[in-house]
Amino acid sequence: MSKRSLLLGSHISLRKERKYLVGVVQETIDNGANIFMIFTGPPQNLKRIPIPEMFLSEALSLARDNKVDFEKSVVHAPYIFNLAQEDRDGFIQNLLVNEITRMHKMGIKNFVVHPGYYTGRTLEEGLHCAANNIRSVLNETKSINYWFCIETMAGKSNQLGKNIGEIQKIFELCDWDSKLGVCLDTCHLHDSGYDLSKIEEFKGEIDKSLGLNRVRVIHLGDSMNPQGSKKDRHANYGYGNIGWDTICSWAYDPHFSNLSIIVETPFWRKKVTNSRGEEKIQLVSPYKHEIKLLRQRKWEAIPHSECIPIFNIRDGKEKVS
């Protein structure tokens, strides 16, 4: 695939002062991207702006004029539910159906969900709870054309999705519904124990267990931690344990390069002094720079000397947190 045709984007926040979706599209353009990932509202609560008030028509027009692809963009589920618990009151089903419906109205077709924690249960019970909840959501969204993508996780504590086998089991319990997809998170995969430099071997496992056609989204980020650490701490490109060469090989793999690739790296840290002479830490977005690195297939250090990555494998130290 041509380096200019990669579907690249990052997480972008919806903000009223930027006219919500219009601001999302404009930031996508400014970053040199052509897709984006959003939450349809705050990820930690249920407050949602009605779609007609989010300037969708204006955003779609701006997107068309600048080759930003809404359909291939991504909506991430909020963090206020646990898919691996019983949904006795219907909260999980109602929440997810509403999010998917909102996504559909925007014209986006990739919905990414964390599989949850089986706290107080066995792994098998957690897998069954997750599958039951997914089936109920899929049943209520039969008429919508989209992908319900389960994200691979790092394996912290009793987290589901720490290996491909657990996701395969959920798919089996959901009768391999045609809407089921997977989001491969490189930091999570590395931290859970996979050697991502062996890309053909990994793709073989995916194809055998799930089918490569089920992979719809890539969360592409480096890791602060050694392989198998189970910690889930993202790092910037070229500064983590996965390494730039492997990150780049994933982006340009003949199969993965056709998918929606979301840059998932931490903001840079910048020390600033306020008007009272107090030293503060300012967060600076790395996305424009890191998207440029992927497009040019060549690594370069952070271009601003006053900005530092949260972690730099070159000295093995975590920076300002």
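A Cβ is built for glycine as well, from the same backbone N, Cα and C atoms used for every other residue.
As recorded in TrEMBL:
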BINDING   H76, H114, E151  Zn(2+) 1 binding site
BINDING   E151, D185, H219, E264  Zn(2+) 2 binding site
BINDING   H188, D232, H234  Zn(2+) 3 binding site
DOMAIN    29-266  domain 'Xylose isomerase-like TIM barrel'
Rounded inter-Cα distance in Å - H114 (Zn(2+) 1 binding site), H188 (Zn(2+) 3 binding site): 12
Surrounding CB atoms that lie within 10 Å of the CB of D185 (Zn(2+) 2 binding site), all protein chains: 26
Mean of pLDDT values spanning the domain 'Xylose isomerase-like TIM barrel' (29-266): 98
Separation of alpha carbons, H234 (Zn(2+) 3 binding site) and E264 (Zn(2+) 2 binding site) (Å): 7
Listed binding-site residues among H76, E151, H188, D232, H234 whose Cα sits within 10 Å of H219 (Zn(2+) 2 binding site): E151, H188
Nearest of the binding-site residues (H76, E151, D185) to D232 (Zn(2+) 3 binding site), judged by Cα-Cα distance: D185
Spatial neighbour of H76 (Zn(2+) 1 binding site) that is closest, considering only the binding-site residues D185, H188, H234 and their CA atoms: D185
Reduced DSSP assignment, H234 (Zn(2+) 3 binding site): strand
Listed in sequence order, residues not in H188, D232, H234 with Cβ within 8 Å of the centre of the Zn(2+) 3 site Cβ atoms: A154, D185, C187, D191, G221, S223, K231, R233, E264
